[in-house]
Structures are given as C-alpha cells and as structure tokens.
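Okay, so here's the structure we're looking at.
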Amino acid sequence: MDTISKKNKILLALAGLIFIVNCVVLVFAYGSIPNNIVVHSYNGGDDSYGDKSSLWWLVTLNAVLLMVITVTVANCQKWMRPTPEMTPKERAESIDNARLILAIVAIKISIVFSIILFK
C-alpha cells in the first residue's frame with residue numbers, strides 16, 4: 001500500500017492550518033463586521049450588498065474543496081492505474097508528484113479564500 005510522503009502531509013497540514021486561521025480570524029472579527037457588506041464582481045467593482053453571514057459560505061466552500069483534495073490525495077494510488085509502459089518505481093513517483101501538485105493547489109485555494117475573505 002502506498003503511503004503519503006511526509007512532505008505532502010506537511011503541505012496538506014499547512015493548507016488546513018491556513019483554513020483554521022481563516023475561521024478563527026472570521027470568528028473574532030465577525031462582531032465588528034457591518035451587517036451589510038459590499039459584494040464585489042470578478043473585475044473588482046462593487047456589485048451589490050450582501051449579509052455578513054454570506055462570509056460563512058466562503059469558509060464552507062473552502063472546507064469542501066480541501067476535503068475533496070484530501071480524499072483525492074489519500075486515494076491516488078487507487079485511481080492511478082498502472083500502465084504496461086510504467087515501472088512500479090515510475091508509478092510511485094507519478095503518484096507522489098500528483099499528491100504534491102494537489103497539496104500545493106490546496107494551499108493556493110486556502111490563500112485565495114483568505115484574500116477574498118479579508119480584502
């Protein structure tokens with residue numbers, strides 16, 4: 001059975017830590033946030049106003065994405081089928097690289113959600 005490398009575990013833990021920090025900061029700042037907040041469009045313009053509780057949807061979406069990535073990382077060896085051209089060593093390296101990419105994506109997702117939440 002394939003095991004997740006220490007490097008990939010650390011990167012996934014970092015993504016989780018960024019997520020937890022986002023949650024903690026939002027919990028402590030929530031009382032000082034006005035009830036109506038400005039909602040921005042993709043190009044940065046002010047589109048409309050929304051309720052501050054909508055910030056929790058961002059946190060929820062971040063959590064769901066991190067869970068999907070974590071499940072994918074945990075099951076990479078099951079989903080990446082060996083091919084005749086691939087040696088077992090090449091397959092293991094390929095799985096480790098896929099896990100590394102997913103862990104980096106998880107970190108970037110958490111950072112992007114931090115920027116969206118606190119900008």
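The chain as shown is numbered from 1 upward.
Each Cβ is built from the backbone N, Cα and C atoms, and glycine gets one as well.
No curator has checked TrEMBL annotations; they are predicted automatically.
Only residues 6 or more beyond the boundaries of the transmembrane segment (12-33), in the same chain, are considered here, and those with a CB under 8 A from a CB of the stretch are 4, 52, 55-56, 59, 62-63, 66, 69-70, 73, 103, 106-107, 109-111, 113-114, 117-118. Under the heading transmembrane segment, TrEMBL lists 12-33 (among others).
If you look up TrEMBL, you'll see 53-76 (among others) marked as transmembrane segment.
Long-range contacts of the transmembrane segment (97-118) within its own chain (CB-CB distance under 8 A, at least 6 residues past either end) are made by residues 4-5, 7-8, 11-12, 14-16, 18-19, 21-22, 25-26, 55, 58-59, 61-62, 65-66, 69-70, 72-73, 76, 80. TrEMBL lists 97-118 (among others) with the feature transmembrane segment.
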